[in-house]
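Just below is one structure, and these are the notes that go with it.
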Ligand code: GFB
């Protein structure tokens with residue numbers, strides 16, 4: 001991407017979008033376009049088309065989505081499938097209609113079958129049933145992948161799709177009910193330490209395993225692929241190792257410095273037993289993640305401490321549009 005190309009980051013305030021803006025600015029890009037969801041509701045087809053007509057967009061990172069952890073997905077299935085289908089359909093169609101040079105669609109590893117062999121390979125897509133707790137979201141994301149592939153085949157567009165593993169880092173959502181597990185643990189241990197609570201209650205059994213990638217690694221991989229990858233097939237982006245939720249809890253507990261007890265509420269869902277992605281396709285293209293979990297966690301926790309004091313609303317965000 002040349003330095004004065006018009007690059008639209010949809011969802012620029014979210015976890016991934018804000019990391020993409022940081023990475024693009026670090027690379028010296030000067031014409032990064034973005035709109036808040038209040039300025040441009042991506043669920044409104046006409047407004048999206050008007051924006052693309054006006055701004056002459058060259059590249060699109062489609063990082064805007066209705067996102068959330070297992071709790072939010074379970075509680076708001078209609079919102080997750082509707083908002084994500086609307087957002088991606090409007091942006092992909094407008095990108096085609098206005099001749100965008102290249103678009104990157106961001107999916108998620110929850111698109112893979114619940115019991116697919118691990119580590120999850122890109123070719124396991126649609127080979128089995130999905131994890132029920134986030135099936136509506138996963139179906140929307142699979143539709144986005146298929147839409148990009150269909151536009152590429154019928155119209156000759158260059159719409160690529162990437163599947164990131166569980167991400168974490170600055171600007172995440174730390175709301176107790178709607179967040180993903182890693183920010184939820186940071187919030188819970190931080191608050192328990194502040195309140196001298198005798199124990200912290202986590203969800204499920206602590207036995208599922210998850211892989212975590214720092215969002216700055218994710219952004220680096222996205223810029224790498226936007227410049228080099230031209231296929232319609234999906235590409236996994238991950239760290240390459242996973243950890244049991246119980247192990248993650250002990251790590252966050254020690255980083256936060258909480259000394260109480262950890263309890264598990266088995267009335268809350270475990271979700272899929274494991275979600276480790278096979279990263280051989282991406283490493284074969286020449287990219288490798290560089291931020292280890294413990295270092296990334298320490299950086300994210302110090303960001304949280306700085307920001308949650310200044311912006312209490314940070315901890316009250318309900319599954320915002322990324
Ligand atoms: O990140 P998370 O909410 O979603 O992780 P998924 C859920 C796992 O962490 C489950 C356990 O095994 C939970 O039982 N867990 C323990 C907790 N304590 C907590 C807690 O306080 N909060 C949360 N949230 N989890 C998501 C999909 O699946 O992965 C999304 O729902 C998206 O759509 C995302 O794909 C990447 O990793 O299970």
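From the backbone N, Cα and C atoms, a Cβ is placed for every residue, glycine too.
What you see is a predicted model, and the numbers here were worked out from it, not measured in a lab.
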Annotated companion of 188, 210, 270 at the substrate site, TrEMBL, chosen from 203, 287: 203
14, 164, 167, 188, 203, 270 screened against residue 137 (active site, proton donor/acceptor), Cα within 10 Å - retained binding-site residues: none
Contacting recorded positions, sequence order - 11, 108, 110 vs ligand 1, Cβ under 6 Å: 108, 110
Distance from residue 110 (site 'Important for catalytic activity') back to residue 167 (NADP(+) binding site), taken between C-alpha atoms, in Å: 12
From binding-site residues 188, 203, 210, 270, the one whose Cα lies nearest residue 108 (NADP(+) binding site): 210
